[in-house]
2 protein chains.
Amino acid sequence: MSDALTAAVGLNNHFAVTQPGLFARRIEAFAPEEAVDVLQSLPDATLIDVWERLSPDLAREFLAVLPEKLTATVLSQLAPTALVNLFSDMEPEVRATYLQFVSKNVRQEIDTVLVYPEGSAGRKMDSRILTMRPTDWVEDALTRLRQHHNTRVIYTVDDDLHLLGRLTLEAVALAAPETILESLAAPVEVVVNAVDPMEDVVELFETLNIEDVPVIDINGRLVGHFEQRNMAAAIHSDSTSDLQAMVGVSRDERALSSPLFAVRKRIGWLQINLLTAFMAASVVGLFEGTIAKYTALAVLLPVVAGQSGNAGAQALAVTMRGLALREITLRHWFRVTWKEAHVGLVNGIGIAITCGIGVYIWSGSLGMVLVISLSMVLAMVAAGLAGAMVPIVLTRFGQDPATASSIILTTVTDIAGFFSFLGIATLLSDLL
Amino acid sequence: MSDALTAAVGLNNHFAVTQPGLFARRIEAFAPEEAVDVLQSLPDATLIDVWERLSPDLAREFLAVLPEKLTATVLSQLAPTALVNLFSDMEPEVRATYLQFVSKNVRQEIDTVLVYPEGSAGRKMDSRILTMRPTDWVEDALTRLRQHHNTRVIYTVDDDLHLLGRLTLEAVALAAPETILESLAAPVEVVVNAVDPMEDVVELFETLNIEDVPVIDINGRLVGHFEQRNMAAAIHSDSTSDLQAMVGVSRDERALSSPLFAVRKRIGWLQINLLTAFMAASVVGLFEGTIAKYTALAVLLPVVAGQSGNAGAQALAVTMRGLALREITLRHWFRVTWKEAHVGLVNGIGIAITCGIGVYIWSGSLGMVLVISLSMVLAMVAAGLAGAMVPIVLTRFGQDPATASSIILTTVTDIAGFFSFLGIATLLSDLL
């Protein structure tokens with residue numbers, strides 16, 4: 001190797017050791033062959049550190065072009081969970097050829113994890129946990145921690161692998177070597193079941209300030225755990241999925257999902273939206289006579305509905321976020337709806353004034369100004385109430401407050417907008 | 001104390017020590033006086049652990065009813081950042097009476113932190129960092145860590161407090177006592193400046209798998225840090241704030257903010273929305289003649305606009321989330337818009353069929369069926385394109401992809417819906 005190349009490889013290694021996450025992100029931008037060249041230059045332990053941080057689909061791409069020696073290194077040292085991710089979408093025959101590189105123990109573990117349903121805690125948990133007996137010494141715990149440099153918590157268990165307590169690395173590191181673990185162990189207050197949905201696990205980390213959560217199987221045996229430091233991406237992903245749920249897109253669609261997947265996941269709610277659109281249209285139909293006389297009403301109709309739609313969406317967003325962050329609960333329903341009705345009234349008056357001026361300039365009809373101003377205030381109060389109540393009512397009936405909330409809300413705001421505008425226009429038609 | 005009470009207090013203490021976060025959550029539900037009674041029964045160190053996890057507004061409420069002795073305990077031991085939170089909304093006179101309980105050093109630190117602007121990293125950072133010299137021994141580092149049981153990282157600094165490297169608790173705990181820190185320290189690759197906005201810090205934790213980020217001042221001196229384990233709530237809150245930004249609500253409004261605050265923060269975008277609604281209405285105005293002849297068009301108009309609005313919102317949600325999770329970047333613009341156009345076409349055909357059947361039943365007019373079906377497909381393709389492009393174009397021009405994206409999108413989908421429906425109706429008016 002030339003000196004410059006040696007230096008470059010040294011630099012690479014250094015970067016990969018200290019920032020495996022950043023390093024993984026960088027090589028994800030390379031073509032698979034280039035990425036493999038870089039990976040090949042890393043020491044084994046570092047290579048594994050980096051590999052575990054690759055995005056799963058790219059890891060699969062890279063694996064396909066890996067030379068056999070490197071394949072053996074990666075597959076024999078990767079954590080079982082990482083292997084499960086790598087293998088889960090593979091054809092059984094392809095998987096079988098790869099599985100020969102994996103030790104028998106780990107193959108069994110993979111089978112265990114693959115038993116749990118897709119999307120469950122068991123599928124995603126880290127099964128590389130460190131368990132010890134309550135009567136073991138701190139000294140031995142330190143030795144074990146040195147071997148398992150990937151974990152920061154030790155669980156104490158009985159002979160049947162039932163969870164007794166937990167010890168953090170700090171507690172162990174800062175204790176005298178001749179202490180027994182029992183005297184340092186704290187009880188575990190929160191556990192999850194391996195079959196629980198992954199969203200429940202993420203929610204625990206979102207709402208409680210906890211460092212790790214052990215996972216138990218149906219027999220109450222400890223089978224894995226989650227650590228907070230690995231949850232940032234999951235929390236980010238889960239929190240942003242409300243965006244999709246509220247407009248009738250499933251939480252598992254991704255920006256680069258196939259069009260067919262997207263169509264399948266979205267068309268159901270679109271058909272329901274069509275039904276609600278017909279309901280709103282039938283309100284307009286009630287006033288066809290009035291519209292036939294004053295076509296200007298048809299022109300202004302979208303203005304009232306559009307404003308109440310946006311005002312309702314604002315109330316919905318704030319209320320849904322409050323529920324998601326646990327800043328409000330169902331107990332607050334009155335305070336929140338009262339606030340939103342209040343905001344709807346004040347904003348409604350503000351918008352009615354601007355809108356009245358605009359309509360006067362356009363039509364010169366004071367009657368039309370009166371009709372649109374009155375209906376604007378009414379529609380925006382209704383929108384505020386509906387925006388606050390839709391997620392609260394969904395939660396009250398045990399539903400996810402995000403589910404299709406935007407579709408439900410639009411139905412309400414359209415109908416409120418059409419009714420108030422055309423209704424008031426019909427009542428005051430002498431002034432038009 | 002009775003035996004039962006002793007036992008109850010013991011149980012309380014145990015719970016508070018092992019799960020201070022859960023404990024804080026429980027007592028938040030109590031009346032302030034009750035909560036204070038419980039807090040009073042805790043040992044000092046535990047009390048502080050719990051107090052630091054109280055939600056800031058409740059901490060302020062509890063402080064007001066705290067007996068003087070407890071006030072002294074809390075204020076003299078609380079971290080400077082917690083004190084800053086506690087004091088930031090207070091009247092200066094009230095703050096002055098509380099500040100007398102705080103040591104001179106900490107008062108200076110509070111002044112330092114209060115120097116940084118609201119919402120900056122400096123305001124929120126943890127200033128209780130552990131710094132040592134690169135030539136110090138592991139043994140001394142362990143002693144320091146035992147004293148600062150709240151931190152898990154040691155930063156090595158030079159004489160001017162310039163950052164040299166970092167060591168994790170694990171590295172220190174698992175090393176031989178006679179090692180010097182320099183040989184264990186890893187370089188720090190990511191730092192933030194104290195004046196950087198807090199959102200940048202949260203974004204670092206969302207996208208990089210990092211444990212902590214040091215904060216430096218304008219002189220490059222280390223002044224504080226953030227640790228991943230304290231960021232879950234911030235990530236959750238930041239991720240969900242997109243919901244608000246996209247409908248023109250500021251990210252800092254909360255579900256229980258005052259109505260006046262909400263009005264001030266929302267009315268600006270509502271007025272802009274009114275302007276765009278007038279633009280959309282002016283499209284309808286172009287076709288007033290056609291509508292005057294066929295009022296059925298006015299009835300069906302909201303159906304086309306409503307469908308394209310919802311389809312566009314779906315495309316927007318998926319694309320925005322992809323950008324937020326960094327699953328896509330601007331490089332993917334073509335793939336994403338192509339996907340969404342494709343989805344719009346297929347869903348458009350699916351919806352056009354159902355819609356055509358509905359309209360035939362209602363109107364019995366095959367001409368009307370043709371008009372609404374054609375325009376539905378067209379409007380939904382346009383909605384898919386717009387939903388994908390709005391956040392991409394906003395990002396391209398250096399804007400936050402969420403900002404008012406929903407308001408911009410609705411304008412596009414309304415205009416596309418009105419134009420395609422009324423335009424095709426005018427072209428094919430012989431068939432109506």
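Residue numbers in this text run from 1 along the chain shown.
Every residue gets a Cβ built from N, Cα and C, even glycine.
A quick note: this is a predicted structure, and the numbers were derived from the prediction, not measured.
Annotated domain 'CBS' per TrEMBL: A:125-183, in sequence order.
Among the features that TrEMBL reports, transmembrane segment is placed at A:267-287 (among others).
As annotated by TrEMBL, transmembrane segment applies to A:299-320 (among others).
Among the features that TrEMBL reports, transmembrane segment is placed at A:341-362 (among others). Same-chain residues lying 6 or more positions outside the transmembrane segment (A:341-362) and placing a CB less than 8 Å from one of its CB atoms are 300, 303, 307, 311, 315, 368-369, 372-374, 376-385, 388.
What TrEMBL lists as transmembrane segment is A:368-394 (among others).
Among the features that TrEMBL reports, transmembrane segment is placed at A:406-428 (among others).
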Tally of residues which DSSP labels helix, strand or coil - the domain 'CBS' (A:125-183): 18 helix, 18 strand, 23 coil
Distal contacts, the transmembrane segment (A:267-287) - CB-CB under 8 A, six or more residues away: 247-249, 297, 301, 404, 407-408, 410-411, 414-415, 418-419, 422-423, 425-426
Spatial neighbours of the transmembrane segment (A:299-320) far in sequence, C-beta under 8 Å, 6+ residues away: 242, 246, 284, 328, 336, 340, 343-344, 347-348, 351, 355, 359, 368, 372, 375-376, 379-380, 382-384, 386-388, 390-392, 401-402, 405-406, 409-410, 412-414, 416-418, 420-422
Reported mean pLDDT - the domain 'CBS' (A:125-183): 86
